[in-house]
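One structure is given below, encoded as structure tokens.
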């Protein structure tokens, strides 16, 4: 069992605003948010098709116009994590928590706040997930040529940022093919979250999941890359792959992963059903965004996104500790009979948890006649 908690201070940064349209998955019939708009200074139109959605449960944001934000909101980053082997013989999960990138990397001129997180759920042994934990920071911020931080976050920077993420995942995949201690049957999922000022970027390959809490409502920031995800199923079948009992080519439960070169080697890079390329989602954080949960399938196999958000939100209102919230979410998954390795990271965007407003008591006023007042005074005087 591993617990950790860190915290950094807030600072000011120029950012952009994005207008988003959100639609919930079929199992969340009550949830429908037509529009989230931060300010009029910047607009972003929604694009994408049913075949290539960009976000987890239907959220899509694509920037078309960039400007300086009129909002004063700057997130204050603090996080906590929890990991447990459960009933498995080995622990194949690993994770990264960096609440202050500038302090961690030193030579980079990051905006403040800046933070980076990752969850890696290994299979076929722990080596692939360990490799990601030990090397991904270097791959992201050195080998993939992380873009220079501009004075104002614009569309060009966001495109470069997305490209550097894709390159980092590809470099990790290729490096693992050359790593002698990682066997060809060993691999890992990879879920990362990068925060720069108010900008949040989530990259995912596999079935770990990132879930944002927006005023108590769960917003999936990533897809689960499994046979149940229809766009992935079609992609696999178009490339000649197949599913047997939900497993890719009868072997693997996920359709995207780092490593697993025994499955990738018979194909060229463009035709392998199993790929390492991440799906990427970007969003601008607002005052409505309370926290982000990153967790492996040991959590999501037994808890819905909304149940997890409600659990963490209640915990933050009780004690305000993201580390304890991560542990409590893991314990809830264990109570629901999850036997898999589990890893949870809870990332808060404010220093003080939001509390529900208490209803004001109604003030009652009474009018008393002179006769009634005289009788009351006489009663009190004992007459």
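Even glycines carry a Cβ here, placed using N, Cα and C.
Just one of 72, 245, 340 is listed by Swiss-Prot for the same Mn(2+) 2 site as 121, 297, and that one is 340.
Between the CA atoms of residue 340 (Mn(2+) 2 binding site) and residue 121 (Mn(2+) 1 binding site) there is a gap of 10 Å.
The Cβ of residue 297 (Mn(2+) 2 binding site) has 23 other Cβ atoms within 10 Å, all protein chains considered. Take the binding-site residues 121, 340: by the count of other Cβ atoms within 10 Å of each Cβ, the lowest one is 340.
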